[in-house]
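Annotated ATP binding site per Swiss-Prot: 8, 9, 10, 11, 12, 13, 14, 15, 16, 17, 18, in sequence order. The feature Zn(2+) binding site is assigned by Swiss-Prot to 194, 209, 212, 215.
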């Protein structure tokens with residue numbers, strides 16, 4: 001039996017991975033990690049929505065030390081001001097790296113993968129499915145092919161059963177992910193990419209701020225990828 005654990009953080013990338021995994025695995029588990037990020041309550045409700053929508057079991061695990069370490073590093077994902085960028089600034093690599101540093105959570109992806117690996121090792125092995133992609137790999141070193149390759153080498157030694165990381169979006173940018181979401185029939189408007197979401201609409205769609213880098217990337221990817229964006233924004237990003 002082919003088993004996969006999807007590391008689900010609520011955004012376009014992990015939502016695409018969830019729908020993709022549903023097609024490619026016999027058993028799928030959603031794993032959402034809480035560490036006190038400002039979008040945590042919205043992320044959890046989004047996870048619960050897709051768990052019910054796709055009939056996939058969900059595990060939510062709290063990791064308190066990541067919150068403490070994020071505050072030590074000054075990550076804007078847990079406190080402080082969320083970075084705002086324009087669409088044109090997304091192409092300025094130094095500006096993109098600057099915003100990446102401001103929301104960096106110390107070793108987050110490595111920690112999350114380790115938790116998923118422990119779960120899969122206990123269950124007898126399987127794949128950890130992550131939303132790493134080409135666009136974010138340009139500014140986040142732990143979203144790259146090289147990171148996946150090295151983590152998989154470490155997992156050969158760190159687990160008793162066969163556990164590996166699979167990154168189905170690694171060659172795609174947000175435009176490509178948008179096209180994949182459409183192909184998979186995903187209800188992406190119920191996902192959340194915003195660093196500082198403003199709650200939900202009456203029918204359960206997250207309300208995005210429309211100003212943070214993640215909102216701008218989301219809107220650009222959807223509009224340029226499939227020519228539409230059903231996301232609810234407080235302020236629609238300008239492209």
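Backbone N, Cα and C define each Cβ position, glycine as well.
Quick caveat, the model's predicted, so the values are computed rather than measured.
Features per Swiss-Prot, on structure.
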| residue | record | Cβ neighbours (10 Å) |
| --- | --- | --- |
| 8 | ATP binding site | 30 |
| 10 | ATP binding site | 25 |
| 12 | ATP binding site | 27 |
| 14 | ATP binding site | 23 |
| 16 | ATP binding site | 26 |
| 18 | ATP binding site | 26 |
| 194 | Zn(2+) binding site | 25 |
| 209 | Zn(2+) binding site | 18 |
| 212 | Zn(2+) binding site | 24 |
| 215 | Zn(2+) binding site | 27 |
Spatially closest candidate among 10, 14, 16, 18, the listed binding-site residues, to residue 209 (Zn(2+) binding site) (Cα to Cα): 10
Cα distance (Å, whole number) from residue 194 (Zn(2+) binding site) to residue 16 (ATP binding site): 16
Of the binding-site residues listed as 8, 10, 12, 14, 18, the one whose CA lies nearest the CA of residue 215 (Zn(2+) binding site): 12
Neighbours of 194, 209, 212, 215 excl. site residues, C-beta within 8 Å of centre, Zn(2+): 82, 193, 195, 196, 197, 208, 210, 211, 213, 214, 216, 233
